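K.L.:
I'd like to ask some things about the structure below.
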């Protein structure tokens, strides 16, 4: 498909928090603004993350120096043939029809966010990545239709990496902001919008996320904002009114109030917030009351934002103790193993629920419940990160439900109204 040109933007207008409605004549497939999103991410499926599926990386040995740090190096080290063999088996088994059925019928959730890399749709010359994900994505969307679950297609990695995180496909690089890489990303959005934004998917795909977690402080907001605008019009010129999802790029709440508004000629825009409190020593030093106060504060701040907003990633984690959470070869900040951190307390036993004290369990439950309340008060719902892992307890939705840390059903409360909303 030939990429359409970016339409000139309408003049800027002062935006204020209003009750947004879908553009007349458009069909979103989900009533943002009046219906809440209750979802899970299908992390580690089409974009590898070592902390979610460590077994794929541990196959390289016990020495971290010999373990690939991301999917780029995973495929490069194995070569195309072997990488395709291993990953095809992973794609076929990590998420099955049983999972989508359980998400809908057991957990009573209404949406899945599906991270996928640009390489699933279009490779760059010399890319080591392998393809084949698209067929499994299509199969998953068929299961979503069967069980009444909505989906976001989330471009989790773009060429050169938008943040340097391993979950972008390429760790420790920030090479996305050049014309060729951005154009390749737009071409991928054009393809996704033309296929998954078409009428036959309108009842399932209710969001196309242009890029996951672009690191605004590192790559600059000018590049990101221009890409968001061009990506929006690329989706619209593909003939799709599907909601366009933009990530907050790690900016303060209300930063985007005057950006891509209906007054400026944009419509069906959703803002995606990701909230964690474990990726700095200062956050880890907070006690449970301070963690919850931060959650409540974020919820209040977000409640005044202009756009529809979803808290598209968050977790129960109160530590960064999970193996490889900070990356292959990097230990936790909590015990001082991470470069530049300092010892606060031990990680011993944090990954085994059997070793948790009743206080540990109660504090984690309180933290989850506060977030559920805040993300619904401050926004239009939430999507938990992530549905399943091999052994990352604090991040694993299913294990947390099984062990009474995540409420089941999700509206059950042992610690109601912690924020006083």
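Positions of Cβ are set from backbone N, Cα and C atoms, glycine also.
If you look up Swiss-Prot, you'll see 213 marked as active site, proton donor, on the strength of similarity to another entry. Look at Swiss-Prot and you will find 313 tagged as active site, nucleophile, backed by similarity to another entry. Annotated disulfide bond per Swiss-Prot: 296-419, 321-347, in sequence order, evidence recorded as similarity to another entry. Marked as signal peptide by Swiss-Prot on the basis of sequence analysis: 1-15.
Looking at the shown structure, can you explain where the listed features end up?
P.N.:
Cβ neighbours within 10 Å of residue 213 (active site, proton donor), excluding its own Cβ and spanning all shown chains: 21.
DSSP gives residue 313 (active site, nucleophile) a strand state. A 10 Å cutoff on Cβ-Cβ distances gives residue 313 (active site, nucleophile) a total of 23 other Cβ atoms nearby, all chains included.
The C-beta environment of residue 419 (disulfide bond), restricted to residues of the same chain at least 6 apart in sequence and closer than 8 Å, consists of 292, 295, 296, 299, 300, 370, 373, 374, 377.
Long-range Cβ contacts of residue 347 (disulfide bond) within its own chain (separation 6+, distance under 8 Å): 319, 321, 332, 334, 335.
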K.L.:
Inside 10 Å of the Cβ of residue 296 (disulfide bond), count up the other Cβ atoms and send me the figure.
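P.N.:
The answer is 20 other Cβ atoms.
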